[in-house]
Ligand SMILES: [Zn+2]
Ligand SMILES: [Zn+2]
Ligand SMILES: [Zn+2]
Ligand SMILES: [Zn+2]
C-alpha cells in the first residue's frame, strides 16, 4: 500500500478515481430515475468524436470531448422534448455517428492508427497528469455541488415530468442541465474507466444501493459509498493484479452489486422470520375501537394490553419500534421520493 502511494502516478490515479467514484453515482441516480440508464453510454460514444477532433487539431482532448458531449446532450434533450418516437432514432444516429466519426477523424490524423483511442475507450488512468487532476477535481466539485443544490428539482422532473411541468418547474432546462452534467461526468471519467465503460459507474452503484436501502436519502449515500469503493478499490486492485483499470473497476462494481443483492435478500428474509403473530382475538381494531392508534410507516398499530397490533391479511401481527418488525412489502425503488 505505502509502496503504491509512494508512486506519483498512482497517487494521481487514486485521486482521479475518488473524484469519479463520487460524482458518477450522484448524476446516475437521476438517470436511473428517468429510465435513461444508457444515456451516459451514448454520450461516451459522442465524446470519442470530440477526443478525435482534439487529437487532429492539437487541442486538449479533454476540452474538445467536453464541448462535443455537452452539445450532444443539449441536442438529445431538445429532440426528446419534441417527441419520443423520432427521439429514439435520433439518439441512435448520434451514438453510432459519434463513434464512427471518432474513428474516421483519428485515422486521418495519425495515418491509419486507431490504437491511440484505446486509452480513451477503456481508460488509461496511470497517464493522468497533475493538470488533468486539477481539471477533474474542479469539474467533480461542480457536479457534486449542482446535484446537491438542485436535488429536489432534478428529482421532481426525473420522477414525473408532467407533474413537474404542472407545478411550474422549468422541465426542459432541468433536463438539459442533467444532460450536460452527464456529459461532464463522462469526460471526467474517460481517463479513469474509459468512454465505453463509464455508464457502469453511474448506474450500477445506484442499482446496488436500491438493494440495501429503502429511502432515497440513504440510497444516495450508499450509492456514493459503493461508487468510491469500486473506483478507488478498482485502481488499487488493478495495480496489484496488473489488470486493465477500467475493466477492473466495472467488475468490482458488479461484485458490489451482487453482494448488495445478497445482503438485501438476507435482511428481508430476517424481517419475514421476525413476523410475529398476535394471539387470536375476536376484537377488530379500527378507528374509534377504544385502543390507542399509533401511526407506523404505511399503516396504524393499535395499543392492546401493552402490545402493538397491526392488521395483516386477515390476522394481527405484533409490532414494536424495532425496524425489523415492520418491513414494508418489497420496497419499489422507483417509487421512492425524496
Ligand atoms: Zn382495538
Ligand atoms: Zn406496525
Ligand atoms: Zn389486538
Ligand atoms: Zn401477519
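The backbone N, Cα and C atoms fix where each Cβ goes, and this holds for glycine too.
The transmembrane segment annotation in TrEMBL falls on one of the ranges 12-31, 112-131, namely 12-31. For the transmembrane segment (43-76), the list of distant contacts is 87, 90-91, 94-99, 101-106, 108-110, 116-117, 120-121, 132, 135, 176, 179-180, 182-184, 186-187, 190-191, 195-196, 198-199: same-chain residues at least six beyond its ends, Cβ to Cβ under 8 Å. Only pairs six or more apart in sequence are counted, and the transmembrane segment (247-271) with the transmembrane segment (133-151) gives fewer than three Cβ pairs under 8 Å, not enough to call it a contact. Remote same-chain residues near the transmembrane segment (133-151) are listed as 12, 15-16, 19-20, 22-23, 26-27, 30, 62, 174, 177, 181, 184-185, 187-188, 191, 338 (criterion: CB distance under 8 Å, separation of at least six residues from the stretch ends).
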